[in-house]
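What TrEMBL annotates here:
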BINDING   Arg125, 148-151, 214-216, Gln220, 267-270, Arg450, 461-462  substrate binding site
BINDING   Glu144, Lys305, 364-373, Tyr375, 398-401, Glu425, Lys452, Asp458  ATP binding site
BINDING   Glu144, Asn146, Glu368  Mg(2+) binding site
DOMAIN    204-302  domain 'Glutathione synthase substrate-binding'
Amino acid sequence: MAAAWQDVVRDAAAVREAAAVAVDAALLAGVLMRTGEQPNASDVVNYAPFTLLPSAVPRALFEQAYAVQQDFNLLVDAVSQNKEFLEQTLASTIKVDDFTARLFTIYKQVLEEGLAQTVFLGINRSDYMFDCGLQGAAALRQIEINTIAASFGGLTSRTADVHRLVLNVLGKSEEASQLLPNNPAKGLALGIAKAWELYGSQRAVVMFLVEDVQRNIFDQRCVENELWNRNIRVVRKRFRDVFEQGSLDASRRLYMDGQEVAVVYYREGYVPQVYDEQNWEARLLLERSRAVKCPDIATQLAGTKKVQQELSRPGTLEKLLPGHPEAIARIRATFAGLYSLDEGEEGDRIAATAIADPDRFVLKPQREGGGNNLYGEELREVLEKIKDSPERTSYILMDKIKPQPALNYLLRAHSPLQVSKCISELGIFGVYVRQGRELVLNQAAGHLLRTKAIEHADGGVAAGVAVLDTPFLV
C-alpha cells in the first residue's frame, strides 16, 4: 500500500464519510450493474463493486505492461493465422476437451470452405500480477490473455473519476491529480469502427452478441454509445436470435432481420454451458459469414490456455514472429513458468512435482470467465485422480504468482464496510485490425485494475470476487 493511505486506513470516521461519497459518485458516474435478482431489468440497478482507495502499482511494471501490448496483439494475430501451429498445439487437448474440440471443428470447416471474411478485428486483454517471489523485488507476470469478450473496458473508463473525488474528499488532492486518464471504451470502439469502415457498407450494422442474462449491460453500453456517437448503428442479439433470424446471401453477407451485419462483437460464447445444438449452428453461420467477427474462431482458439503454455516453450515465439527479436524479448520477459501435462515422460514428471508440492502451482482448464482454476489441496486431489488418464491433457500447470498484499476497503452493495488484505491484477486492453495481410491498426487501448481479498484464490468482477480499482503509480 502506498504510504499515502496509511493514515486513512486507520481513520474509521474518515473512511465512513469517504465511502458514502464514493458510492454516490459511482452511481453518478455510471459505474453500474444490474442486480442479481433482476439481471435483465434496468429499473433496479446498483453500483458495480469497487475499492474505496486506488491501489499502488509499481510504475515501471505498469509501463512494461503497456509497452508489450502491441507485441501481444501481433502475436495473437500471428497465432490465429497459423493453422499448422494451432493443429499441433491443440491436438492432445481436443481429444479430451469437448468444448475446444467443437470450436476446432468449426474452425476447420470454415477454412475448408474458404474464408469469406477479409477484415479481422482483435480486442484482447492481457492480464498480469506483480510477483514478489522470494527476492521481494516485484516482477510483471502474465496470468492469461483474453481474446473473447474481454470485459469492463466500459466501467473502468469511469472508475478513475470516482477515486479522484474520494482522494480529494480525504485531503489528498495532489495524489488525486496523479491518477491517469483511462478510457478503454473509446479505444475498443475505435477498433470496431475501423473494422466497420473497412467492411465497406454504410448501411450495415454492428451486432453485439450478448448473453441471455445481462447483468453487465452498462459496461457494454459504454462501448455501444461510442459507436452511436460515430453514427454507427448497433443491434443487440443472442445466439437464439441468430439461429431464428440470421441468414447468408450468395456472397455470404450476414443478414439479421433483413439488416446487413458488418461486425459481430462477441460478449458471449466463451463457456460451454451457453451452447446447445441450435447455438452451435448459429455460431457456424456467423463464422461462415463475410462479417468481421471479434473474435473469429481462430482468434478464440489462440486464447486457449494450451496455446499460452506452448508459446512459453523455447523457440516457439521465434517461429511465430520471425524478424521481431525485440518484441519476442519483451513478451518473454512477462511469462510465468508454464508446464504441459501432455501424456509422456515430461507430463508425468510435472504432474508428480505438482502433486508433491501443490502450493507452488495453479491448475488451469481451457476456460474463460474466471472461477475455473484449481489450487492447493483441490489441485492435488484432481491431479491424483487424472494423473494416469488422457483427461489431464485438458489442463496446463502454471507457477503460482506471489503478490504483496495491501490494505483496502472493498465496497459492495449490502456488505459491511471493513478493511481487507488485498491483491490486484492489471489488465491492458489491446486492439488491432488487419485487412488481408496488412495490419492497419495496432494499439494499447487502456487498462483495467481488479482487486480482491487474499482469501479468494480465483475469480474476476463478473464472477463476483474481484472489484474495480484504479492504479496509483508508485
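For all residues, glycine too, the Cβ spot is worked out from N, Cα and C.
The model shown is predicted, which means the values in this text are computed figures rather than measured ones.
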>> Under 8 Å between C-beta atoms and at least six apart in sequence, can you list the same-chain neighbours of Arg125 (substrate binding site), or say none if there are none?
In response: Ile145, Asn146, Ala150, Gly153, Gly427, Ile428, Phe429, Gly430, Leu448
>> Using DSSP, what is the helix/strand/coil residue split across the domain 'Glutathione synthase substrate-binding' (204-302)?
In response: 40 helix, 26 strand, 33 coil
>> I'd like the Cβ neighbour count for Ala149 (substrate binding site), meaning other Cβ atoms within 10 Å of its Cβ, all protein chains included.
In response: 25
>> Between the Cα atoms of Arg215 (substrate binding site) and Lys452 (ATP binding site), what distance do you get, rounded to the nearest Å?
In response: 20
>> Could you tell me the mean pLDDT the prediction assigns to the domain 'Glutathione synthase substrate-binding' (204-302)?
In response: 98
>> If I take the Cα of Glu368 (ATP binding site) as reference, which of the binding-site residues Ala149, Ser151, Gln220, Glu268, Tyr270 has the closest Cα?
In response: Tyr270
> Closest of the binding-site residues to Lys452 (ATP binding site), Cα to Cα, picking from Ala149, Ser151, Gln220, Glu268, Tyr270?
Replying inline: Ser151
>> Just to be sure I understand the packing, how many Cβ atoms besides its own are within 10 Å of the Cβ of Lys400 (ATP binding site)?
In response: 19
> How many whole Å apart are the CA atoms of Ala149 (substrate binding site) and Lys400 (ATP binding site)?
Replying inline: 25
> Hey, how far is Tyr270 (substrate binding site) from Pro365 (ATP binding site), Cα to Cα, in Å?
Replying inline: 13
>> If I take the alpha carbons of Glu268 (substrate binding site) and Glu144 (ATP binding site), what is the distance between them in whole Å?
In response: 18
>> To the nearest Å, how far is the Cα of Tyr375 (ATP binding site) from the Cα of Ser151 (substrate binding site)?
In response: 24
> Could you state the CA-to-CA distance between Pro365 (ATP binding site) and Ser151 (substrate binding site) to the nearest Å?
Replying inline: 20
>> Please report the distance from the Cα of Ser151 (substrate binding site) to the Cα of Glu144 (ATP binding site), rounded to the nearest angstrom.
In response: 14
>> What are the sequence-distant neighbours of Gln220 (substrate binding site), meaning same chain, six or more residues apart, C-beta distance under 8 angstroms?
In response: Gly154, Phe208, Val210, Gln214, Arg267
